[in-house]
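The structure appears below as structure tokens.
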Amino acid sequence: MAVYVGMLRVARLCARSPRVLGARVGLSRVWQEARLWGVRPLSSGELDHTVPLPVGGFSYVQGHVGLHLSNKTVGRCLDATAQRVPDQEALVVHHENIRLTFAQLKEEVDKAASGLLSIGLRKGDRLGMWGPNSYAWVLMQLATAQAGIILVSVNPAYQAMELEYALKKVGCKALVFPKQFKTQQYYNILKQICPEVEKAQPGALKSQRLPDLTTVISVDAHLPGTLLLDEVVAAGSQEQNLTRLRHTQQFLSCHDPINIQFTSGTTGSPKGATLSHYNIVNNANMIGQRLRLHQKTPEESRVVLPSPLYHCLGSVGGTMVSLMHGVTLILCSPVFEGKKTLEAISRERGCFLYGTPTMFVDVLNQPDFSSYDISTMRGGVIAGSPAPPELIRAIINKLNMKELVVAYGTTENSPVTFMNFTEDTVEQKAESVGRVMPHTEAQIVNTETGTLTELNTPGELCIRGYCVMLGYWGEPQKTEEAIGQDKWYRTGDIAMMDEQGFCKIVGRSKDMIIRGGENIYPAELEDFFHTHPQVQEVQVVGVKDDRMGEEICACIRLKEGEKTTAEEIKAFCKGKISHFKIPRYIVFVTNYPLTVSGKIQKFKLREQMEQHLNL
């Protein structure tokens, strides 16, 4: 393994003062890339295996810099891939019966980008994409980037109030959506906050509540006051509009904003994390490198994506990784369905599967699971929330996903900052979120003093590097609260780092329970309770207590048909976890309060439990 001189110098600095990294402004490129005399250069195949170890006995690590960062825009990356593998299948939309090669995808994207410019949108304007996974979603994602327009990822479950907040927050000039999906009638929801659309001239909307919104585009139906997406794309094929597109592209920079993604709002109103071409292109490239997609044949690298495109795991881990590495992306359904996911794997010969722990649980629990052909499966990515070790082992063994990796990140970090290598052991995958990604610094600091923690000691995880967002759109104060002057982004996650650089997420800083002076991390207890044979899901929160400050409350959802008691659960804990970690309260529940994106809102769960327990 290569050893970096810069890392050795940092180790000596850390040994003298754990605070030095908090004020450091960054290593020079020469310092970063210097190697000890006599250490041979690395081949391209070895680069991502060169993971520097934590230094000085402290929880700090810097990813290697052997892989060069790209200055290309998303559009230039699509151009390059279409030129390199024009006939390679790029996109399969299983539920729409659509198949496109990279050459065909580029042609359609160019026309759509040209069409958006032809209707008056310009570089820097914001366009909201509001709807479930579809061909139109991918088309808008890439076309906006090609034209310098900023894509705003709007949750397809948003109702009128949430939609109004999002569109006003970032000043959306255009909005694209299907007429409806299941019970979600998008046009009717828009009319609740923008009744003027029914009588508006298409492309000339004037709305009292949404003053920035001028253009509404319907994906699949002629609706009053809207343009039809097919007509916009058709207009883009005209030569004068393509000329305008080529002119616009001359002024695009990799550091321009490309995407605004709203954080989940588990602790308040959603914030618009703003990402650049530079953020997304490089993160996608490094995800694919660590998955070894660049070393696989087209038949070995077909990616099935049930994750929503409005999340970073879908848009970056899915669309952008496919684009960067020339692999086939398969969208299996508009929204996640376990059965549809298995159908896509079987029919499309899927090799890699991306998803959250909940998605994988549903796939594994399909009653006809054994009837599907999963022989082509090789690996995938699990991310989005903590995954119990038992689930990791089940995915690897039952889904034939020996190359499964766990990924960790945040929307604000584009998103992935830690990830396993495919060849890590099952234990390393089950007990950690892997090791730091290239060109990324990570440190864990004491939440009270801000100093570096020693190895294997919990603290707040902070990230610095190319991946950190440009900021929260229109909220400089919140941006400054999240990203310090030293450019460290504070994740709010409590983590530990071991001697090999493996990182374990143990909870959110706001979720940490302090019981009689003892720090207790809910994720640790949740992992433990998942070993109980009757427990399907569990969430642990702290509830107020006059004597101890906080007490532990375990909110348990049992497997279907199972019954047990609080006393039996507590008996299960004895002798297996410390006595002060045994919950005082055990509450059996059937569901949890969720955000619209499906994340559990622990602050609401805490409120519900305190009310339920009359505290």
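Cβ coordinates are placed from backbone N, Cα and C, and glycine is handled just like the others.
Per Swiss-Prot, the features are as follows:
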TRANSIT   1-42  transit peptide
MOD_RES   LYS179  N6-acetyllysine
MOD_RES   LYS182  N6-acetyllysine
MOD_RES   LYS182  N6-succinyllysine
MOD_RES   LYS199  N6-acetyllysine
BINDING   THR263, SER264, GLY265, THR266, THR267, GLY268, SER269, PRO270, LYS271, ASP493, ARG508, LYS599  ATP binding site
MOD_RES   LYS340  N6-acetyllysine
MOD_RES   LYS478  N6-succinyllysine
MOD_RES   LYS510  N6-acetyllysine
MOD_RES   LYS544  N6-acetyllysine
MOD_RES   LYS544  N6-succinyllysine
MOD_RES   LYS570  N6-acetyllysine
MOD_RES   LYS570  N6-succinyllysine
MOD_RES   LYS599  N6-succinyllysine
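Here the Cα atom of LYS182 (N6-acetyllysine) is found 25 Å from that of THR263 (ATP binding site). A coil conformation is recorded for LYS271 (ATP binding site) in the three-state DSSP classification, outside any helix or strand.
When Cβ atoms from all protein chains are considered, those within 10 Å of THR263 (ATP binding site) total 19, not counting its own. Neighbour counts of Cβ atoms within 10 Å were taken for the recorded positions LYS179, LYS199, ARG508, LYS510, LYS570; the minimum is at LYS199. A separation of roughly 16 Å, to the nearest angstrom, links the Cα atoms of SER269 (ATP binding site) and LYS510 (N6-acetyllysine). Comparing LYS478 (N6-succinyllysine) with LYS179 (N6-acetyllysine), their Cα atoms are 35 Å apart once rounded. Counting only residues at least six positions away in the same chain, the Cβ atoms of GLU550, GLU551, GLU610, LEU615 sit under 8 Å from the Cβ of LYS544 (N6-acetyllysine). Comparing local CB density within 10 A for the recorded positions LYS182, LYS271, LYS340, LYS478, LYS599, the maximum falls on LYS271.
LYS199 (N6-acetyllysine) sits 48 Å from ARG508 (ATP binding site), counting Cα to Cα. In the three-state DSSP reading, ARG508 (ATP binding site) counts as strand.
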